[in-house]
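Annotated domain 'Response regulatory' per TrEMBL: 14-130, in sequence order. Residues annotated as domain 'HTH luxR-type' in TrEMBL: 170-235. Annotation comment: TrEMBL describes D65 as 4-aspartylphosphate.
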Amino acid sequence: MSIIQSEVRGKTIRVLLVDDDEQLQDSLKQAIELDPALTLLGQCHSLSEAFAALDELQPDVALIDLGLPDGNGLALIKHIHEHVPNCESMVLTVLSDESHVIACIEAGATGYLTKDTRPPEVLERLKQLRAGGSPISPLIARRLLNRFRGAFTGEALSANTNAAAPAPFEAAEFTPLSDREQEVLEMVAKGFLQAEIASMMGVSINTVSTYVKRIYKKLAVNSRTSAVHRASELGLISFKDF
């Protein structure tokens, strides 16, 4: 484990890297050191190192690989979610199948990226996460949409067409989205990054982040995947449009 206390800067996003890939760690370290908005607190190469570093360093974000020499990064995500509430977990892994993605989200991860994501983009996603977003690689987002699409199609085929649809989210609890929020929601559901949404809408990333926070609050969710699921339940988006 490498602790980089001397480089800590004030009012920045404090990052802990947890990955046994030395080359990737070096690339991310170099990128973080060039970004004034980020501070690299330490580099861990195993679960045991990461558990030890959490209490000592108190990071804002832990960037976690799932395949570590002494165990699965999922255990670290669960620990952070339950015992380190001020830290968020972002997964960075080669695994992109639905089972791993969903397991990580359920364990408490607030972001999930695949390792084909370039270091500069990883850093932008870290900033989005701390701004209230839940960054997910576009390919994974589309796979999850396909999963939900299949699930809802199956429910529709098996349901009694004369029966009333269940209401897992009471309409009375829902504050309608503004036109701009609806526009952002649809682009989020299609897997676009906040930077891409900002460019298409002609606004700043901070503005998009604010819209996303409002959407999450109105839908009573805290992740991109949950927002898409809830929006589909409310009829705000249709999977046939994707």
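Residue numbers in this text run from 1 along the chain shown.
Every residue gets a Cβ built from N, Cα and C, even glycine.
Whatever TrEMBL says is automated annotation, not expert-curated.
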Counts of helix, strand and coil residues, the domain 'HTH luxR-type' (170-235), according to DSSP: 47 helix, 0 strand, 19 coil
Mean of the pLDDT scores, which run from 0 to 100, over the domain 'HTH luxR-type' (170-235): 83
Proximal but sequence-remote residues of the same chain as D65 (4-aspartylphosphate) (Cβ under 8 Å, at least 6 apart): V18, D19, D20, D21, G73, V91, L92, T93
Residues of the domain 'Response regulatory' (14-130) by DSSP state, where helix covers H, G and I: 56 helix, 30 strand, 31 coil
